Amino acid sequence: MLILKTVKQLQEFVASAGDEIGFVPTMGALHDGHMSLIKKCVSENAVSIVSTFVNPTQFLPGEDLEKYPKKEESDIKICELCGVSAMFIPDAKEMYFDDEPCIIAPKKYSSILEGKSRPGHFDGVLRVLVKLFNLTRAKRVYMGKKDAQQLVIVQNMVKTLFLNLQVVPCEIVRESDGLALSSRNAYLSEEDKCNALRLSRALINASNLIKGGELDTSEIKTGMLKTLEPLTVDYVAIVDRDFNQISKVELGNTIILVAANVGKTRLIDNIWV
(Lines of atoms letter the chains of each structure in order from A; the text may use other names.)
(Lines give C-alpha, C1' and ligand atoms only; values in the text may rest on other atoms or scores of the structure.)
Protein backbone atom coordinates (compact mmCIF):
# COMPACT_ATOMS: atom_id res chain seq x y z
CA MET A 1 0.00 0.00 0.00
CA LEU A 2 1.28 3.45 -0.91
CA ILE A 3 1.15 6.42 1.47
CA LEU A 4 0.59 9.64 -0.47
CA LYS A 5 1.04 12.96 1.31
CA THR A 6 0.92 15.49 -1.53
CA VAL A 7 -1.45 16.35 -4.34
CA LYS A 8 1.33 15.71 -6.84
CA GLN A 9 1.93 12.20 -5.46
CA LEU A 10 -1.79 11.45 -5.68
CA GLN A 11 -2.03 12.76 -9.23
CA GLU A 12 0.94 10.64 -10.31
CA PHE A 13 -0.59 7.55 -8.71
CA VAL A 14 -3.99 8.14 -10.30
CA ALA A 15 -2.44 8.72 -13.73
CA SER A 16 -1.04 5.19 -13.69
CA ALA A 17 -3.95 3.49 -11.90
CA GLY A 18 -6.41 2.93 -14.74
CA ASP A 19 -10.13 3.64 -14.83
CA GLU A 20 -11.44 1.32 -12.10
CA ILE A 21 -10.78 3.50 -9.05
CA GLY A 22 -12.90 3.36 -5.91
CA PHE A 23 -12.59 6.04 -3.23
CA VAL A 24 -13.51 6.33 0.45
CA PRO A 25 -13.20 9.88 1.86
CA THR A 26 -12.81 9.98 5.65
CA MET A 27 -11.50 12.22 8.42
CA GLY A 28 -9.46 9.38 9.91
CA ALA A 29 -9.84 7.78 13.34
CA LEU A 30 -11.12 4.77 11.41
CA HIS A 31 -13.52 2.33 13.07
CA ASP A 32 -15.56 -0.69 11.97
CA GLY A 33 -18.04 1.56 10.18
CA HIS A 34 -15.27 2.95 8.00
CA MET A 35 -13.92 -0.57 7.53
CA SER A 36 -17.22 -1.69 6.04
CA LEU A 37 -16.96 1.10 3.44
CA ILE A 38 -13.32 0.32 2.74
CA LYS A 39 -13.88 -3.42 2.34
CA LYS A 40 -16.75 -2.81 -0.07
CA CYS A 41 -14.59 -0.39 -2.05
CA VAL A 42 -11.69 -2.85 -2.23
CA SER A 43 -13.97 -5.70 -3.32
CA GLU A 44 -15.65 -3.71 -6.10
CA ASN A 45 -12.72 -1.86 -7.67
CA ALA A 46 -9.36 -2.76 -9.18
CA VAL A 47 -7.77 0.20 -7.37
CA SER A 48 -8.88 1.61 -4.02
CA ILE A 49 -7.97 4.93 -2.41
CA VAL A 50 -8.79 6.04 1.15
CA SER A 51 -8.25 9.62 2.29
CA THR A 52 -7.86 10.61 5.94
CA PHE A 53 -8.10 14.38 6.20
CA VAL A 54 -9.64 16.37 9.04
CA ASN A 55 -11.17 19.05 6.86
CA PRO A 56 -11.03 22.42 8.67
CA THR A 57 -13.58 24.15 6.45
CA GLN A 58 -16.47 21.99 7.68
CA PHE A 59 -15.94 22.86 11.35
CA LEU A 60 -17.64 25.86 12.92
CA PRO A 61 -15.90 28.15 15.43
CA GLY A 62 -15.96 26.48 18.84
CA GLU A 63 -16.39 22.97 17.44
CA ASP A 64 -13.92 20.13 17.96
CA LEU A 65 -11.45 20.70 15.10
CA GLU A 66 -8.41 20.83 17.38
CA LYS A 67 -9.35 17.81 19.48
CA TYR A 68 -10.86 15.66 16.72
CA PRO A 69 -9.38 12.15 17.14
CA LYS A 70 -6.22 11.54 15.11
CA LYS A 71 -4.92 7.96 14.79
CA GLU A 72 -2.72 7.92 11.70
CA GLU A 73 -0.71 4.84 12.63
CA SER A 74 -3.86 2.85 13.40
CA ASP A 75 -5.56 4.14 10.25
CA ILE A 76 -2.66 2.94 8.10
CA LYS A 77 -2.76 -0.54 9.67
CA ILE A 78 -6.50 -0.81 9.08
CA CYS A 79 -6.17 0.18 5.43
CA GLU A 80 -3.30 -2.26 4.93
CA LEU A 81 -5.36 -5.10 6.44
CA CYS A 82 -8.27 -4.22 4.16
CA GLY A 83 -6.07 -4.37 1.06
CA VAL A 84 -6.25 -0.69 0.11
CA SER A 85 -4.08 0.34 -2.85
CA ALA A 86 -3.19 3.81 -1.58
CA MET A 87 -3.90 6.22 1.28
CA PHE A 88 -4.01 9.97 0.76
CA ILE A 89 -3.03 11.78 3.96
CA PRO A 90 -2.62 15.49 3.15
CA ASP A 91 -2.36 18.42 5.52
CA ALA A 92 -4.52 21.53 5.26
CA LYS A 93 -1.85 23.51 3.39
CA GLU A 94 -1.81 20.83 0.71
CA MET A 95 -5.57 21.04 0.17
CA TYR A 96 -6.16 24.76 0.60
CA PHE A 97 -4.28 27.88 -0.39
CA ASP A 98 -5.96 31.20 -1.23
CA ASP A 99 -8.97 29.68 -2.93
CA GLU A 100 -12.49 30.69 -2.00
CA PRO A 101 -15.30 28.15 -1.91
CA CYS A 102 -16.85 27.74 -5.35
CA ILE A 103 -19.40 25.07 -4.42
CA ILE A 104 -22.29 26.04 -2.13
CA ALA A 105 -24.78 23.55 -0.73
CA PRO A 106 -28.35 24.29 -1.94
CA LYS A 107 -30.42 26.13 0.66
CA LYS A 108 -33.09 23.45 0.42
CA TYR A 109 -30.68 21.08 2.15
CA SER A 110 -28.28 23.38 3.98
CA SER A 111 -30.88 25.47 5.85
CA ILE A 112 -32.47 22.57 7.73
CA LEU A 113 -31.46 20.05 10.41
CA GLU A 114 -27.65 19.67 10.36
CA GLY A 115 -27.33 22.69 8.10
CA LYS A 116 -29.39 24.84 10.44
CA SER A 117 -27.47 23.70 13.51
CA ARG A 118 -24.09 23.97 11.77
CA PRO A 119 -24.32 26.83 9.23
CA GLY A 120 -21.61 26.58 6.59
CA HIS A 121 -20.79 22.97 7.47
CA PHE A 122 -22.03 21.47 4.22
CA ASP A 123 -20.33 24.17 2.16
CA GLY A 124 -17.05 23.02 3.72
CA VAL A 125 -17.88 19.37 3.04
CA LEU A 126 -18.58 20.01 -0.64
CA ARG A 127 -15.54 22.26 -0.91
CA VAL A 128 -13.17 19.46 0.01
CA LEU A 129 -15.05 16.63 -1.67
CA VAL A 130 -15.13 18.23 -5.11
CA LYS A 131 -11.34 18.61 -4.83
CA LEU A 132 -10.92 14.98 -3.76
CA PHE A 133 -13.27 13.67 -6.45
CA ASN A 134 -11.33 15.55 -9.12
CA LEU A 135 -7.97 14.41 -7.77
CA THR A 136 -8.85 10.73 -7.41
CA ARG A 137 -10.90 10.48 -10.62
CA ALA A 138 -12.86 7.81 -8.83
CA LYS A 139 -15.51 5.81 -10.63
CA ARG A 140 -17.22 4.97 -7.33
CA VAL A 141 -17.26 6.83 -4.02
CA TYR A 142 -18.39 5.06 -0.84
CA MET A 143 -20.26 7.04 1.83
CA GLY A 144 -22.20 5.96 4.91
CA LYS A 145 -25.91 6.43 5.45
CA LYS A 146 -25.22 7.62 9.00
CA ASP A 147 -24.56 11.10 7.61
CA ALA A 148 -27.80 10.94 5.65
CA GLN A 149 -28.16 14.65 4.92
CA GLN A 150 -24.54 14.84 3.77
CA LEU A 151 -25.07 11.81 1.54
CA VAL A 152 -28.07 13.39 -0.20
CA ILE A 153 -26.26 16.72 -0.63
CA VAL A 154 -23.23 14.99 -2.18
CA GLN A 155 -25.47 12.98 -4.50
CA ASN A 156 -27.10 16.26 -5.55
CA MET A 157 -23.70 17.85 -6.25
CA VAL A 158 -22.59 14.89 -8.36
CA LYS A 159 -25.80 15.10 -10.39
CA THR A 160 -25.74 18.90 -10.73
CA LEU A 161 -22.09 19.09 -11.82
CA PHE A 162 -22.38 16.07 -14.16
CA LEU A 163 -19.54 14.36 -12.31
CA ASN A 164 -18.70 11.01 -13.86
CA LEU A 165 -18.89 8.95 -10.68
CA GLN A 166 -21.32 6.88 -8.67
CA VAL A 167 -21.98 7.61 -4.99
CA VAL A 168 -22.48 4.24 -3.27
CA PRO A 169 -24.54 4.50 -0.04
CA CYS A 170 -23.43 2.05 2.67
CA GLU A 171 -25.37 0.82 5.68
CA ILE A 172 -24.85 2.14 9.21
CA VAL A 173 -22.67 -0.09 11.38
CA ARG A 174 -23.61 -0.37 15.06
CA GLU A 175 -22.22 -1.72 18.29
CA SER A 176 -23.92 -4.86 19.63
CA ASP A 177 -26.00 -2.61 21.90
CA GLY A 178 -27.26 -0.53 18.96
CA LEU A 179 -25.01 2.54 19.27
CA ALA A 180 -24.09 3.83 15.81
CA LEU A 181 -20.33 3.86 15.31
CA SER A 182 -18.75 7.31 15.18
CA SER A 183 -15.25 8.69 15.68
CA ARG A 184 -16.79 11.09 18.20
CA ASN A 185 -17.86 8.17 20.39
CA ALA A 186 -14.29 8.37 21.72
CA TYR A 187 -15.40 11.47 23.67
CA LEU A 188 -18.08 9.55 25.60
CA SER A 189 -17.70 8.46 29.22
CA GLU A 190 -19.25 5.17 30.32
CA GLU A 191 -22.28 7.07 31.59
CA ASP A 192 -22.49 8.97 28.31
CA LYS A 193 -22.44 5.71 26.35
CA CYS A 194 -25.42 4.45 28.30
CA ASN A 195 -27.30 7.68 27.65
CA ALA A 196 -26.28 7.65 23.97
CA LEU A 197 -28.27 4.46 23.50
CA ARG A 198 -31.41 6.58 23.80
CA LEU A 199 -30.85 7.70 20.19
CA SER A 200 -30.93 4.21 18.71
CA ARG A 201 -33.74 3.16 21.06
CA ALA A 202 -35.84 6.11 19.90
CA LEU A 203 -35.30 5.04 16.30
CA ILE A 204 -36.10 1.40 17.08
CA ASN A 205 -39.30 2.49 18.84
CA ALA A 206 -40.22 4.58 15.79
CA SER A 207 -39.61 1.60 13.52
CA ASN A 208 -41.78 -0.60 15.74
CA LEU A 209 -44.61 1.94 15.66
CA ILE A 210 -44.46 1.99 11.87
CA LYS A 211 -44.47 -1.81 11.70
CA GLY A 212 -47.56 -1.69 13.90
CA GLY A 213 -49.32 0.55 11.39
CA GLU A 214 -48.63 4.04 12.78
CA LEU A 215 -47.74 6.35 9.86
CA ASP A 216 -48.52 9.76 11.39
CA THR A 217 -45.16 11.50 11.76
CA SER A 218 -46.26 13.75 14.65
CA GLU A 219 -47.26 10.71 16.71
CA ILE A 220 -44.00 8.96 15.92
CA LYS A 221 -41.93 12.02 16.84
CA THR A 222 -43.80 12.41 20.13
CA GLY A 223 -42.90 8.85 21.06
CA MET A 224 -39.28 9.40 20.09
CA LEU A 225 -38.96 12.52 22.22
CA LYS A 226 -40.20 10.60 25.27
CA THR A 227 -37.54 7.94 24.70
CA LEU A 228 -34.84 10.60 24.33
CA GLU A 229 -35.56 12.23 27.72
CA PRO A 230 -33.60 13.69 29.50
CA LEU A 231 -31.12 14.35 26.65
CA THR A 232 -30.88 17.80 25.11
CA VAL A 233 -32.44 17.15 21.72
CA ASP A 234 -31.43 19.28 18.74
CA TYR A 235 -33.98 17.80 16.38
CA VAL A 236 -36.16 14.82 15.60
CA ALA A 237 -37.22 14.80 11.96
CA ILE A 238 -39.07 12.56 9.55
CA VAL A 239 -38.47 13.37 5.88
CA ASP A 240 -38.64 11.74 2.48
CA ARG A 241 -35.39 10.76 0.78
CA ASP A 242 -35.07 14.19 -0.81
CA PHE A 243 -35.38 15.76 2.66
CA ASN A 244 -38.88 17.17 2.25
CA GLN A 245 -40.92 17.27 5.46
CA ILE A 246 -43.78 14.76 5.38
CA SER A 247 -46.87 14.26 7.54
CA LYS A 248 -47.23 10.55 6.79
CA VAL A 249 -44.49 7.93 6.57
CA GLU A 250 -43.95 6.76 3.00
CA LEU A 251 -42.65 3.21 3.24
CA GLY A 252 -39.50 2.80 1.16
CA ASN A 253 -39.01 6.57 0.89
CA THR A 254 -38.57 7.85 4.45
CA ILE A 255 -35.65 8.77 6.70
CA ILE A 256 -36.08 9.28 10.44
CA LEU A 257 -33.32 11.39 11.98
CA VAL A 258 -32.27 12.48 15.43
CA ALA A 259 -29.55 14.74 16.83
CA ALA A 260 -28.91 15.22 20.54
CA ASN A 261 -26.22 16.23 22.98
CA VAL A 262 -24.93 13.44 25.19
CA GLY A 263 -22.82 15.08 27.86
CA LYS A 264 -20.63 17.47 25.88
CA THR A 265 -20.82 15.42 22.68
CA ARG A 266 -23.30 15.99 19.89
CA LEU A 267 -24.42 12.76 18.22
CA ILE A 268 -26.60 12.00 15.20
CA ASP A 269 -28.35 8.83 14.07
CA ASN A 270 -31.04 7.76 11.64
CA ILE A 271 -32.92 4.89 10.07
CA TRP A 272 -34.24 4.48 6.53
CA VAL A 273 -37.73 2.95 6.30
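Cβ from N, Cα, C; glycine included.
Over in Swiss-Prot, the protein carries these features:
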type	residues	note
ACT_SITE	His34	active site, proton donor
BINDING	27-34, 144-147, Val173, 181-184	ATP binding site
BINDING	Gln58, Gln150	(R)-pantoate binding site
BINDING	Gln58	beta-alanine binding site
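Gln58 ((R)-pantoate binding site) and Ser183 (ATP binding site) have their C-alpha atoms 16 Å apart, to the nearest angstrom. Listed in sequence order, Ile38, Thr52, Lys71, Ser74, Asp75, Ile78, Cys79 are the same-chain residues at least 6 apart in sequence whose CB falls under 8 Å from the CB of Leu30 (ATP binding site). Rounded to a whole value, the Cα-Cα separation of Lys145 (ATP binding site) and the residue listed as 'active site, proton donor' is 11 Å. Within its own chain, Gln150 ((R)-pantoate binding site) has Glu114, Phe122, Val125, Met143 as residues 6 or more apart in sequence whose C-beta sits under 8 angstroms from its own. Cβ crowding, taken as the number of other Cβ atoms within 10 Å, peaks at His34 among the recorded positions His34, Lys145. Here the CA atom of the residue listed as 'active site, proton donor' lies 9 Å from the CA atom of Val173 (ATP binding site). Taking a C-beta cut-off of under 8 angstroms and a sequence separation of 6 or more, Ser183 (ATP binding site) has the following same-chain neighbours: Met27, Gly28, Ala29, His31, Tyr68, Pro69. In the three-state DSSP reading, His34 (active site, proton donor) counts as helix.
In the three-state DSSP classification, Ser183 (ATP binding site) falls within a helix. Under DSSP, Gln150 ((R)-pantoate binding site) is assigned to a helix (H, G or I) in the three-state scheme. Long-range Cβ neighbours of Gly33 (ATP binding site) (same chain, at least 6 residues apart, Cβ-Cβ under 8 Å): Gly144, Lys146, Ile172, Val173, Ala180, Leu181, Ser182.
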